[in-house]
Amino acid sequence: MQLETQDALYVALELVIAALAVAGNVLVCAAVGASSALQTPTNYFLVSLATADVAVGLFAIPFAITISLGFCTDFHSCLFLACFVLVLTQSSIFSLLAVAVDRYLAIRVPLRYKGLVTGTRARGIIAVLWVLAFGIGLTPFLGWNSKDRATSNCTEPGDGITNKSCCPVKCLFENVVPMSYMVYFNFFGCVLPPLLIMMVIYIKIFMVACKQLQHMELMEHSRTTLQREIHAAKSLAMIVGIFALCWLPVHAINCITLFHPALAKDKPKWVMNVAILLSHANSVVNPIVYAYRNRDFRYSFHRIISRYVLCQTDTKGGSGQAGGQSTFSLSL
């Protein structure tokens, strides 16, 4: 099958995003595994996020490419490809929310934080979030799908009897997953609420940090702390902004498709392609925002790349610069 120019460009960009997502997030997982200083509850959530983003690069993006080309297959195989994409992206969203809640607890109740957020509890929360992601992503298999419409023209040769079980359909996302599910359940129920909650949490974090800083005497140490907290607040605001930038366009298009089908019918194909690329690109920037701006992660990245990529001998001892208290300090 020969690809049109814009389809070929879309596939090429998706493959680049997939490669970057896998490389960056594997590096995050390796850094946590290699450094005892990074093995904290906060970073367990980051590893969950990185794992979801690795899976986006390895599976979700190839599946998205496959269903964008519209090849013919049976309905449930196509539905599985579409739903698996939803499972992984939903897991990534939940992991982002878990990190936000974890950071709020760390700054709101610092003295009780270690007792509240233990490694065992963090792993349990991660397991629950993945189960929820699978439940949400696979909901169309319970009947909320477009099987009747997609297989309405299927008949057995000669007798005219409808046979929907083995009917080949053109495997496009909108042919198997109804927009009502994507808008009402996925967007309004599972994407928009976490986004709004994260915005509120990060605003709260900023307010608590500012309130604490107002009670500090501006000595040299206090000035350094103030600069670090301001930098952290800016980084947290950037997290919310990138999340919205990456995810809202594709859901906005879905809303237009559902509520204004006549308008959506004439939309250029490249518009949806760009929106999908943006949503997948979130898996690339997550390691940059959450990990690359952390001093301990950078040190561990340097060691891993030097030893296993550049094959250089490690001449420095130790496991990093910091301990558990500054696990997610965003200072540079």
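Glycine is treated like the rest: Cβ placed from N, Cα and C.
The adenosine binding site annotation in Swiss-Prot covers E174, N254, S279, H280, and the record cites similarity to another entry as its basis. According to DSSP, S279 (adenosine binding site) is assigned to a helical segment. Counted within 10 Å of its Cβ, the other Cβ atoms near S279 (adenosine binding site) come to 23, all protein chains included.
Taken from Swiss-Prot, the feature disulfide bond applies to C78-C171. DSSP assigns C78 (disulfide bond) to a helical segment in the three-state reduction.
According to Swiss-Prot, the feature N-linked glycosylation site maps to N153 (among others), an assignment based on sequence analysis.
The N-linked glycosylation site annotation in Swiss-Prot covers N163 (among others).
According to Swiss-Prot, the S-palmitoyl cysteine annotation covers C311, on the basis of sequence analysis. In the three-state DSSP reading, C311 (S-palmitoyl cysteine) counts as coil. A C-beta separation below 8 Å, combined with a sequence spacing of at least six in one chain, links C311 (S-palmitoyl cysteine) to none of the other residues.
The topological domain 'Extracellular' annotation in Swiss-Prot covers 1-8 (among others) and is backed by similarity to another entry.
Across the topological domain 'Cytoplasmic' (34-43), DSSP assigns 7 helix, 0 strand, 3 coil. Annotation comment: Swiss-Prot describes 34-43 (among others) as topological domain 'Cytoplasmic', evidence class similarity to another entry.
Annotation source Swiss-Prot lists topological domain 'Extracellular' at 68-78 (among others). Outside the topological domain 'Extracellular' (68-78), and at least 6 residues removed from its termini, the chain residues within Cβ reach (under 8 Å) are 1, 3, 7, 10-11, 141, 147, 150-151, 164, 166-173, 175-176, 273, 276.
Outside the topological domain 'Cytoplasmic' (102-121), and at least 6 residues removed from its termini, the chain residues within Cβ reach (under 8 Å) are 39-42, 44-45, 201, 204-205, 208-209, 236, 328. Per Swiss-Prot, topological domain 'Cytoplasmic' is recorded for 102-121 (among others).
Summarising the annotation, Swiss-Prot assigns topological domain 'Extracellular' to 145-178 (among others).
The feature topological domain 'Cytoplasmic' is assigned by Swiss-Prot to 204-235 (among others).
Per-residue confidence over the topological domain 'Extracellular' (260-267) averages out at a pLDDT of 83. Per Swiss-Prot, the feature topological domain 'Extracellular' maps to 260-267 (among others); the stated evidence is similarity to another entry.
Sequence annotations record features per position, and here Swiss-Prot assigns topological domain 'Cytoplasmic' to 292-332 (among others) based on similarity to another entry.
Marked as transmembrane segment by Swiss-Prot on the basis of similarity to another entry: 9-33 (among others). Residues 3, 39, 43-44, 46-47, 50-51, 53-54, 56-58, 61-62, 64-65, 68, 270, 273, 277, 280-281, 283-284, 286-288, 290-291, 297, 300-301, 304-305 of the same chain lie 6 or more positions beyond the ends of the transmembrane segment (9-33) yet place their CB under 8 Å from a CB of it.
The feature transmembrane segment is assigned by Swiss-Prot to 44-67 (among others), with similarity to another entry given as support. Proximity of distant same-chain residues to the transmembrane segment (44-67), defined by a Cβ-Cβ separation under 8 Å and at least 6 residues beyond the stretch ends, is recorded for 10-11, 14-15, 17-22, 24-26, 28-29, 32, 78, 81-82, 84-85, 88-89, 91-92, 95-96, 98-99, 102, 119, 122-123, 125-126, 129-130, 133, 171-173, 276, 280, 283-284, 286-287, 290-291.
The transmembrane segment annotation in Swiss-Prot covers 79-101 (among others).
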Looking only at DSSP and grouping its letters into three states, which state does N254 (adenosine binding site) belong to?
helix
Residues from the same chain, set at least six apart from the ends of the transmembrane segment (236-259), whose C-beta lies under 8 A from its own:
93, 96, 100, 103, 174, 179-180, 182-183, 186-187, 191-192, 195, 198-199, 202, 205-206, 267, 271-272, 274-276, 278-279, 281-282, 285, 289-290, 330
Fewest other Cβ within 10 angstroms of its own Cβ, chosen from the recorded positions C171, E174, N254:
E174
